[in-house]
Amino acid sequence: MSITYFRRLHYSRLPLRCLHTANSEPTSTSTSTPNLFSDPLFKSKVSELISNQHWSQLKDLIKPFNPTSFLEQLLDSRFDSSSILGFFRWSQFYQVYHHPLEHLCRVLVLLVNDKKYPKVRSLLHDFVKNGKTYTVSSVFHTLLTCSDNVCANSIIVDMLVLSYVNNGKLDLALEAFRRAGDYGFKLSVFSCKPMLKGVVKEGKFEVGELVYKEMIRRRIEVDLYTFNIVINGLCKAGKLNKARDVMEDMKVRGIMPNEVTYNTLIDGYCKRGGDGKMYKADALLREMMEQGVSPNERTYNTLIDGFCKDDNVGAAIKLFKEMQLQGMRPDIVTFNSLIDGLFGDGKVDEALGLRAEMIRLGLEPNIRTYNVMINGFSKLKMFREAKELFDDVMKQGLDLNVLTFNTVIDAHSKAGKMEEAVALRELMLSKLICPTISTYNCLLGGYYRDGNVGAAKELLEEMEKKSVMTDLVTYNIRIDAMCKRGESRKAVRLLDEMSEKRLVPSHVTYNILMAGYCQDGNPKAAVTIRKRMEKEGKQPNIVTYNVLIKGFCQKDKLEEANALLNEMLEKGLVPNRITYDIIREEMIDKGFVPDIDGHLYKDTVNC
DNA sequence: TTAGGGTTAG
């Protein structure tokens, strides 16, 4: 029996409306279309051609038909789901044909009913990646018109959310998550977990928190990994108390925190824990041990790095020894953190000793090690050593990156060697390493330090021309330079320019401006900046107090300076070396007497 | 499936 036979046989039976060309605009056909498969021979031939993937023969056979009508007939005639999927895919990919959403939903329902989940996932993936973009509500609505099976529909929607996430369409995933309940679809942890992960990765912590709350409200199972993602999001948002609450919640729900949970929280405290953060982070280490959760290398690395950045290398070294006593081997991350901390503490010999120690243990210094060391030398004004190390790294043929160049450019600009700094930028360009805004900021700071306002202006113009986006640091550098030139009032006007560029001034910005006014001999104007800062929701920090106290001291307004010192102590801010070395000493010289709590009193007898 | 280290501004 030839194909021509089938064509002749059925061509005559077809209603005119089905005789479209294959690539005509798809339309959903009505149920009044005659059944093409009433002839068992035709049905069996089609079935055979599809299952054997004889697509050219099938194409020949159904040439006169609209593929959408043909698909609808296949669906109505209860063909097996594999055949229907086979035809669906073939017609879509080889005939560039977009079937109506309704047909896709019907195919999906069929596949779910047959428990062919990988095929559902694959079809949805293609639909999301390559298909026409439908609104979430149109997909949900169409699905409901095709099937009233809540379970099957929920599986499809769950997999749809996952496809949105996997194809970078997080907004659509979130909308689907939000609207699923309205349509009676129940999502699972399989889609919510990757969605949460994506949300946290994009820094949308508030959204992540809402998703978590909604998961709990909708009684969607939350597993250990999902709790860890939620805790990570809260930690990154600085909501450490809430992160701890979630850890308690998980225990109540019978899920015990693991080392990842604790490591995430410890990292949160190290980076955003505020006053006494390292005490709290260390307490968490002890707590996890008491709870029978063993710390690992990452736990110690996180704490060691935290202590180093908190100017407490002593505590970091103690943990370094503790981890080794417990049988853990420090790795490259441990050493890099410690070397950075030791340089920051001015302990160059110990830092170099650690580098030797890591090499002895078979750990090769990596580019981060070198960046830390170049930066360390530079901060200690050991510019010759910084340059020698950089040259050494170049000779070794290690992969230098943009941070290496930024570090070494900054070292040169701080040493007042602007010609070399500019030459280094040329060198990085020749190595196809693209300068970042930090590269420009390092150069800009160098020019201003040199008093070369003209070169700084030219660089700013170049940045504008090249559409380099200026950032908060660029403005802080510009504001600082203006203040140092005695143009504090002009510098304040840059705050408006920042606002136009949607840049939010930081503590550093305000502190620079306050220091500018104090340097101008106008601490009262500095206080107005403080008020502006507080209005923006930023409380004065230790630097703010140091700047203001110094400003009042220099004007011999010691009562005001003392009031600020007391205010700082009452707020629980711990005076730092600058407070003691420069300010308090100056006040004591001028007749103030310190007491055991750090407060100062006017010595009326000796004054 | 989840967690750690390097640059620029006070």
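In case you wondered, yes, glycine gets a Cβ from its N, Cα and C as well.
It should be emphasised that the depicted structure is a prediction, and the values quoted were computed from it without experimental measurement.
What TrEMBL lists as repeat 'PPR' is A:188-222 (among others). DSSP places the residues of the repeat 'PPR' (A:188-222) in helix, strand and coil in these numbers: 26 helix, 0 strand, 9 coil.
What TrEMBL records for A:223-257 (among others) is repeat 'PPR'. When pLDDT values are averaged over the repeat 'PPR' (A:223-257), the model yields 95.
The feature repeat 'PPR' is assigned by TrEMBL to A:258-295 (among others). Tertiary proximity for the repeat 'PPR' (A:258-295) is limited to same-chain residues at least six positions away from its ends with a CB under 8 Å from its CB atoms, namely 224, 227-228, 231-232, 234-236, 238, 240, 243-244, 247, 250, 302-303, 305-307, 309-310, 312, 315, 326, 572-574.
The repeat 'PPR' annotation in TrEMBL covers A:296-330 (among others). According to DSSP, the repeat 'PPR' (A:296-330) comprises 26 helix, 0 strand, 9 coil.
Non-local neighbours of the repeat 'PPR' (A:331-365) in the same chain are 297, 300-301, 304-305, 307-309, 311, 313, 316-317, 320, 323, 372-373, 375-377, 379-380, 382; each lies 6+ residues outside the stretch with a CB under 8 Å from one of its CB atoms. The annotation repeat 'PPR' is assigned in TrEMBL to A:331-365 (among others).
The repeat 'PPR' feature in TrEMBL is assigned to A:366-400 (among others). Long-range Cβ contacts of the repeat 'PPR' (A:366-400) within its own chain (Cβ-Cβ under 8 Å, at least 6 residues beyond either end) map to 332, 335-336, 339-340, 342-344, 346, 348, 351, 355, 358, 407-408, 410-412, 414-415, 417, 428, 431, 433.
The repeat 'PPR' annotation in TrEMBL covers A:401-435 (among others). Note on the repeat 'PPR' (A:401-435): residues 367, 370-371, 374-375, 377-378, 381, 383, 386-387, 390, 393, 442-443, 445-447, 449-450, 452, 455 of its chain, located 6 or more positions outside it, place their CB under 8 angstroms from a CB of the stretch.
What TrEMBL lists as repeat 'PPR' is A:436-470 (among others).
The repeat 'PPR' feature in TrEMBL is assigned to A:471-505 (among others).
Sequence-distant contacts of the repeat 'PPR' (A:506-540) (same chain, at least 6 residues past either end, Cβ-Cβ under 8 Å): 472, 475-476, 479-480, 482-484, 486, 488, 491-492, 495, 498, 547-548, 550-552, 554-555, 557, 560, 568. The repeat 'PPR' annotation in TrEMBL covers A:506-540 (among others).
Taken from TrEMBL, the feature repeat 'PPR' covers A:541-575 (among others).
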Contact set, same chain, for the repeat 'PPR' (A:223-257): CB under 8 Å, 6 or more residues outside the stretch: 189, 192-193, 196-197, 199-200, 203, 205-206, 208-209, 212, 215, 264-265, 267-269, 271-273, 288, 291, 293
If we skip the immediate neighbours and take only residues 6+ beyond the ends of the repeat 'PPR' (A:471-505), which ones have a Cβ under 8 Å from one of its Cβ atoms? 437-438, 440-441, 444-445, 448, 453, 456, 460, 463, 512-513, 515-517, 519-520, 522, 525, 529, 533, 536
Sort out the residues at least 6 away from either end of the repeat 'PPR' (A:296-330), same chain, that have Cβ-Cβ distances under 8 Å to it, and list them. 259, 262-263, 266-267, 269-271, 277-278, 281-282, 285, 288, 337-338, 340-342, 344-345, 347, 358, 361
